[in-house]
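Feature list (source: TrEMBL):
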DOMAIN    63-150  domain 'GHMP kinase N-terminal'
BINDING   PRO91, ILE92, GLY93, SER94, GLY95, LEU96, GLY97, SER98, SER99, ALA100, CYS101  ATP binding site
DOMAIN    231-288  domain 'GHMP kinase C-terminal'
Amino acid sequence: MIKVYAPASIGNVGVGFDILGAAILPTDGTLLGDLIQIKQSKEFQLTNIGTFAHQLPKNIKDNIVWKCWDQFCKIIKKKILVTIVLEKNMPIGSGLGSSACSIVSSLFAMNELCNRPLSTNKLLKLMGKLEGEISGSIHYDNVSPCYLGGLQLIIEKNNKISQKIPNFKNWLWIIAWPGIKISTADARALLPSQYTRTTCIKHSRNLSGFIHASYTMQPKLAANFITDVIAEPYRSKLLPNFTQTKTTIKKIGALACGISGSGPSIFAICDNDLTAKKISKYLANHYIQSKQGFVQVCKLDTVGTRIIG
Ligand SMILES: Nc1ncnc2c1ncn2[C@@H]1O[C@H](COP(=O)(O)OP(=O)(O)O)[C@@H](O)[C@H]1O
Ligand SMILES: N[C@@H](CCOP(=O)(O)O)C(=O)O
């Protein structure tokens with residue numbers, strides 16, 4: 001039996017719509033991600049457990065884990081019968097890469113069980129394909145950091161899908177899931193198909209400036225480039241009191257703040273524990289909308305998906 005853990009992720013990271021993603025790990029050691037246990041068996045079985053198992057589709061063939069198993073077997077041209085236990089710890093429609101956690105953990109686990117017939121690149125390509133089937137269009141900014149860890153820049157060039165970029169080890173990434181659901185597909189449908197030249201220039205300056213500041217180790221400059229002119233202007237209305245929350249968090253001392261993925265989770269970045277505590281307290285008291293919601297102080301998960309048992 002193989003046990004695999006796949007971490008939560010922040011898609012877009014504010015400044016890189018669809019092409020920047022960060023894997024995160026709570027500083028208190030909480031495993032904020034999905035777990036998959038897999039072993040070969042006489043027939044295919046999938047059991048869902050965990051806090052958010054009740055949110056999963058009732059029909060087994062609608063569970064993305066079944067789709068991953070089915071497509072993996074088709075690619076390797078062998079029907080490998082397995083028993084899978086999915087520990088669904090990530091809320092669906094959270095903006096924390098919930099579908100990516102299930103996609104990456106199940107494909108990673110199948111590939112390990114079958115002695116890695118697929119290369120890293122082929123596996124990541126398949127992950128992106130399955131993510132696209134769920135959200136309506138392929139994007140790698142959740143599956144790539146979830147799989148490979150760290151801060152991933154989606155390049156899709158020279159037969160490479162993504163590459164890790166430098167990060168600031170003293171950055172703390174505070175995430176808050178308010179306890180409500182926003183479908184990625186719906187949030188993507190909200191975005192315009194075209195942007196003005198001014199917006200394109202602003203976006204390219206922000207993204208290239210962030211990458212430049214990351215490589216030249218200028219944290220304050222990097223944080224100042226974390227501005228979303230692509231998705232936030234259209235999606236912020238879906239998030240409860242987003243504008244007020246963002247303004248207050250910045251006043252408390254956040255270096256940057258934005259929508260995590262397609263929302264409703266938000267993320268804030270700071271560089272010290274005291275500010276992280278103040279931001280967390282504010283979010284817990286003002287952004288959480290139901291008892292299911294949560295706030296976590298995280299660091300970047302530099303490892304990504306791994307075998308834990
Ligand atoms: N194992 C799974 N984990 C997450 N979502 C799943 C899974 N299996 C099927 N789904 C479906 O995929 C969709 C995921 O929605 P999405 O908005 O992309 O979530 P997230 O943004 O959290 O990844 C939902 O309709 C959900 O029912
Ligand atoms: N780039 C995507 C990211 C979606 O992240 P999720 O965690 O909400 O699935 C987008 O913004 O649509």
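Glycine is treated like the rest: Cβ placed from N, Cα and C.
Those TrEMBL annotations? Automatic predictions, nothing curated.
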Open item on the list: Taking 10 A as the limit, how many CB atoms besides its own sit near the CB of GLY93 (ATP binding site)?
Closed with: 22
Open item on the list: Please identify which of PRO91, GLY97 has the densest Cβ environment, defined as other Cβ atoms within 10 Å, among these binding-site residues.
Closed with: GLY97
Task: Other C-beta atoms that fall within 10 angstroms of the C-beta of GLY95 (ATP binding site) - done: 31
Task: Spatial neighbours of CYS101 (ATP binding site) that are distant in sequence (at least 6 apart) but have CB under 8 A - done: ALA6, PRO7, ALA8, SER9, GLY33, ASP34, ASN89, MET90, CYS146
TODO: List the binding-site residues PRO91, GLY95, GLY97 whose Cβ sits under 6 Å from any atom of ligand 2, in sequence order.
DONE: GLY95, GLY97
Open item on the list: As a check: which entries in PRO91, GLY93, CYS101, the binding-site residues, place their Cβ less than 6 Å from an atom of ligand 1?
Closed with: GLY93
TODO: List the other residues in this chain whose Cβ sits within 8 Å of the Cβ centroid of the ATP site residues PRO91, ILE92, GLY93, SER94, GLY95, LEU96, GLY97, SER98, SER99, ALA100, CYS101, in sequence order.
DONE: ALA8, MET90, ASN142, GLY261
TODO: Kindly report the helix/strand/coil residue split of the domain 'GHMP kinase N-terminal' (63-150) according to DSSP, in that order.
DONE: 51 helix, 6 strand, 31 coil
